[in-house]
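As given in Swiss-Prot:
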{"type": "BINDING", "residues": "29, 214, 239, 243", "note": "Zn(2+) binding site"}
{"type": "BINDING", "residues": "273", "note": "ATP binding site"}
{"type": "MOTIF", "residues": "31-41", "note": "motif ''HIGH' region'"}
{"type": "MOTIF", "residues": "270-274", "note": "motif ''KMSKS' region'"}
């Protein structure tokens, strides 16, 4: 099946044809580091991590850029309110964002430029727009420079709006505009703002406008044209509309695809700081492991609204428990499979490293139905259905002692988990190789002792060992191929 994505600009699902064969260039909007991250930021980053992983799986060499907006009206206002330096506040929250991303196993981008590190590129873009008649310095001497929206006939094409129906640009204290919808490319310094938050320019000391920052950084790292621009649905207008307008007005084709992820709701209600229902990473990770959180954030179609509730994390944990239970039982059985062609025992790489085989994922074993789902506008819900159906089939293979079929299902599940980024994070059962290897050694010793008791028909001793392990949270399951074990998951409240 051809790889296809929904393009916001054309409002249709289109075949993905990269600008350069075999390569895919992506830019997605990172954080404005004014305060701590929340669940919406995490979902957006995760969606584009899934996209990047899938493009790589399909053989594309990816170049990913995610910006950091480290200078902005809100950053200045909140820093002043808190009595701290704006740059210190920005850096502090940038680190918090990265820590949350890392915890979720979100791959770092190839480039992560800060707005403050690309001022000269912004000056060049502004001057180009002025020279082309699409921007103008404010006539009041304020140092502001604005984009002239009526000079660009395609303004509104991304969000399919008529210019006269649009809201006024929400620039703080706008000065000297021709049209209320004109937006700031450069903001002249105001007397109450710190001198450290301004840079010299041909139009006077000041700082860049938010929309301009992204266009300049895209041009620097990906060139005038690139494959995919991504971000949250709330960024379509005005941010992405303005990005596209100013870039194309400067003669840059810009993005070939625009992809937007849906927002996160709280039990059906829009999340809002004023309501007090915004969920941060600290609260999420207190309720569930990073792997469970990743499963939850990534399980819905990326364009749909994701609804949050404590129960949704419990459901995600239960879904992963079913997968992990299969892997534990299958791992013990798969090691017994003799590979017919080679005549030696099949053993997954690192299988002797406790749960090391969670990281084993031969991509060639990914089921065709899974590939078709992911190719179809990154349909993760459908792909997860394939994953869970494979788990069910694998459990049936265990029950029927069909070890050859079990091996196939085992490899397929590992492959799908790897693609979804669910095998790259330490599992709840395996925080690190050292501790899990020790745990497995201890449990296996007890199981051997139990098996000896069963051989001697000492059923009381066998049950006693089983009960002792159960008390420690170890669940034992007996089958014709021997006993297997897993950690009994407790519901997190």
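Heads up, the Cβ atoms here are built off N, Cα and C, so glycines get one too.
For residue 243 (Zn(2+) binding site), the number of other Cβ atoms no farther than 10 Å from its own Cβ, over all displayed protein chains, is 26. Each residue in the motif ''HIGH' region' (31-41) gets a DSSP state, and the totals come to 3 helix, 1 strand, 7 coil. Compared over the binding-site residues 29, 214, the count of CB atoms lying within 10 A of a residue's CB peaks at 214. If you take the C-beta of residue 239 (Zn(2+) binding site) and look for same-chain residues 6 or more apart in sequence within under 8 angstroms, you find 29, 210, 211, 214, 231.
In sequence order, 210, 211, 213, 215, 229, 231, 235, 240, 242 are the same-chain residues whose CB sits within 8 A of the CB centroid of 29, 214, 239, 243, the residues recorded for Zn(2+) being left out.
The secondary structure of residue 214 (Zn(2+) binding site), as reduced to three states from DSSP, is helical.
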